[in-house]
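**Student:** According to TrEMBL, the record shows the following:
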type	residues	note
DOMAIN	36-93	domain 'CTLH'
REPEAT	438-481	repeat 'WD'
REPEAT	573-614	repeat 'WD'
REGION	664-691	region 'Disordered'
COMPBIAS	679-691	compositional bias 'Basic and acidic residues'
REPEAT	871-903	repeat 'WD'
REGION	1062-1083	region 'Disordered'
Amino acid sequence: MTTALSRDLIFLILQFLDEEKFKETVHILEQESGLFFSMKYFEDLILGGKWEEVEQYLSGFTRVDDNRYSMKIFFEIRKQKYLEALDKLDRAKAVDILTKDLKVFSSFNEDLFKEITQLLTLDNFRENEQLSTYRDAKTARTIMLIELKKLIEANPLFRDKLQFPNIKNSRLRMLINQSLNWQHSLCANPRQNPDIRTLLVDHSCRNSTDPYTQLATSNQHIVSAQKTEGFIPLCANGPFQPAPTPVQTPFSAWVPTPSSMNHPVVSGAGVGFSGPSNPSAVSKGIGDSDSMSKARPCAVPDRIMLPGMSPSQNGLQFNMTEELPKTVARTLNQGSVPTSMDFHPIQQTLLLAGTNIGEISLWEVSSREKLFSRNFQVWNIGASSMTLKATLIKDPSVSVRRVLWSPDGSLFGVAYSKHMVQLYTYFGGNDIRQHLEIDSHIGAVNDLAFCNPSNKLSVITCGDDKTIKVWDVATGIKLYAFEGHEAAVHSVCPHYKENVHFLFSTSVDGKIKAWLYDMMGSRVDYYAPGHSCVTMAYSTDGKRLFSCGTTKEGESHMVEWNENEGTMKRTYQGFHKPSLGIVQFDTTKNRFLAAGDDYSIKFWDMENSIPLMTVDAEGGLPASPRIRFNKQGSLLAVSANDNKIKILATVDGLRLMHTYETHSHITSRHPSDAPVKNGDSKMLEDTKPRSAEEVNPMKAGKLTEISTPGQFRSLKLSAHFGTDKITRLIYTNSGNAILALALNAIHLLWKWPQGDLNLSGKATTKVTPQLIQPASGILMINHRIDGGSPDENVPCFALSKNDSYVMSASGGKISLFNMMTFKTMATFMSPPPVATYLAFHPQDNNIVAIGMEDSTIYVYNVRLDELNSKLKGHSNRITGLAFSHLLNILVSSGADAQIIVWDSSQWERQKGCFLKTLAGRTPTARSDTQIQFQLDQTHLLAVNETQLAIYDMRKLECVKQWAIGEASAPISHATFSCDSQLVYSSFLDGTVRIFGASNLQLQRQINPTAYLPSDVSSTVYPLVVAAHPQEPNQFALGLTDGSVYVFEPLESEDKWDVVPQRVDNGSSSSIPPQVAVLDQPQG
């Protein structure tokens, strides 16, 4: 190891020791290494009069005779020690100090030493004129410390030792974790949930004879899955060796492991390591969302070539092609040449497109309807630069370089060929609002991407001016600017892993650079194959890194990178030579690559360098068509000649579009009319508004009230042992399981198997799930206080983003459970007070907000077992907590009907309000106020026994409210659907009501007779409702009898959101009159 690396290692150890509270050891290492001088520690020693420790600490950095600064430092310290002994009349100690400590200075200044010696003859050394102002030891130490700090800062021996390097938290832990992942990747039979208990020897998963392995395989409820995301996932290694390449700087030397964002832009895992990095955006597990139907499509394009095989060859590889979209299902007439396209990450039939004339359009591809269209226009020409104004006067033509959705689909960005980036807020349907305009670069803005480097959503831009810039999405403030490219920057690829954020950039001269958000320059200069102008992308799960681009000579290169060595692992063949344009590519399903080349779309299996299939989409494609998959890989948008976009589909894609075409689920939300940033708060004037009939087509006579089982699909889940009321309910983030917490503190986990009847492995009413219980027979049971009444407890839990563990409490200590083994990993925070609500920080799973029975909120670091902050403001127990990463806030609700907003960086209160108490409907003393953020991260659903309310959290203003009627039972719970288009609510009389989220208009009512037996007790009703994380029309109920029901609409309908028929008096034709909508904001 080089000296520089040894130095860095010591700093990492110092950081680790400090984080683990080894305070004395930290300072011993500082002194022995001489690398970092802690001025704070030095001050504490001086002010405490610990003179031996002071000199011992100094000895690691300097000696008395090193220079005049060092001599002065030691002299002042020893003189103070001498004066304090005299002041205490301890002449013996003073003489000892004089002869042992101060005599060394006599050879440098004999007169001074004599004067100090004469102080022994005085009854009070203050009789010396120079010491007459000496007051006491404490004051003298403080004055001396000021002088010492100046001497230390001026001493060249302390140069570069007074400032600790800027290192991300827990850096050493992260490096060790990466090393363990590398070791785990070398295991012959890597286990799903490796049990690593030592660092003293290399990790190796035990073989199939290991008792744990036999236990897992013998358990019929354990289903094969991908590697757990609780461990940093590993890099997939292919069977082919790449062609010899020049030795270059390994990727792992640039940056730490990053993490995947969502499908938009170059997303995936880190360079040098790998793994899904943003579990909230990429949650894979058993039957992930990329698993698609294997059925053959009903139509086949006219030109499909399978190189190296004939139709008579084995069917396995042929079936592989059936997972790819090759049937031309829709053709959209864009009107100008498409230059960039992106599917919505949630509503996967919504396509955003930008063109060569600066037009942006939003398409519902299933119905071929253009929901929104707008040509380029500067929103605030007065605020734009003179350079932009001059450019537009000289040449007003502008093209779109990039369109991109934010990871949650609440925003999208547009990069233009002249200076400008514009961000829009998407409220559903055709309701699109201007949000932020940035005059970002001189010349073209070539790419943009969303990231979150400091717990705030940011947008990255790059341009012809050779720079990369990072902007705060909320305010438009420039956070970072990166310079170093020698040519126009072509693309950017942001990433983060754990607490480390970084990004890649590529330029038109073939350079690849990697940057940390520290303004210290790029970490590497690296050339793409053939010095080609490339984009970089990861597989959907973030485990594999690819790049694709074209040289000036027209030679195209698509390669997979060996992330650990920074070399090319595989080069994909089959490109036309020379390519007739810059080739664009995309990845899907963690298995396939696609590129637009030679008037066609070419597909590759990631494991094979030979093209798997070529599709010409019935002809009419340009030489290098632009392409974009939707998130599931079931649809592929392809730019075509004559200003058209073709939508290719798999069988599942055809089914998806048929569903949306039959009954569109898109409804426009109604946000506050308050102006936002520098955008226009009105609906954009170019937008074609749609009537309610267009938004919600309805067949005559369609029922809005469901009273019999035949009118919808339902599935009852139950346990094989006695349980209690289901008080908390949640789907796993992967969507393949449901976790429930009963009042008796027992957790229940049902998981859906993947098979012929359920190819995706997702939760469904078609297949009965398995109640998971390890072979050991243990259950996840929360700690409880002896003698307490269960009915007085307020159970709560929070699931980690990667489904690896759950944090839970039922009136006792908070428990942390391993979701694979059900083992209790830790317990902490003994009551009182009792925890009543739990919420993980969206950017750091180590940070959890804990609502308490005594009305306080604890912000707690689980790993460090440390309380970061304690928030006070409520007057009753906490009943809800919700983070908004966009607004950088934590919102809390309590049984006091109060909503409070806290800054999630400084943990300071910003503002608060009380839910309006409606006339005649006063909540009970135990009424919970539940809260949940909408998908746009700015609107909040607030619920209590008497009302549903939507708040615009930018102003803390109620914009929509629905109240129960006098004859209605109280509300027990409510939640948004995963796309935030619906609100599912349950009531204490067993009724379930489904509302449109845009206006809180009642869409469907499910009566208890539709799902409960006729002889069931009136005490059986739903307490909690949970929405599926990927299927907007599936939800589950937890009932008081310990059962769980899963609900879906009939396959013939596919959607819940049917607008009820209206009669002359304006009321619903089939909904009871006791429900009412208050459309106006309530004060």
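Just so you know, glycine gets a Cβ as well, placed from its N, Cα and C.
Because TrEMBL annotations are produced automatically, they should be read as predictions rather than curated entries.
Computed from a predicted structure; not experimentally measured.
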**Student:** By DSSP assignment, list the helix, strand and coil residue numbers for the repeat 'WD' (573-614), in that order.
**Tutor:** 0 helix, 18 strand, 24 coil
**Student:** Would you list the DSSP helix, strand and coil counts for the residues of the repeat 'WD' (438-481)?
**Tutor:** 0 helix, 25 strand, 19 coil
**Student:** Helix, strand, coil residue numbers for the domain 'CTLH' (36-93) per DSSP?
**Tutor:** 40 helix, 0 strand, 18 coil
**Student:** Give, as a single whole number between 0 and 100, the mean pLDDT over the repeat 'WD' (573-614).
**Tutor:** 91
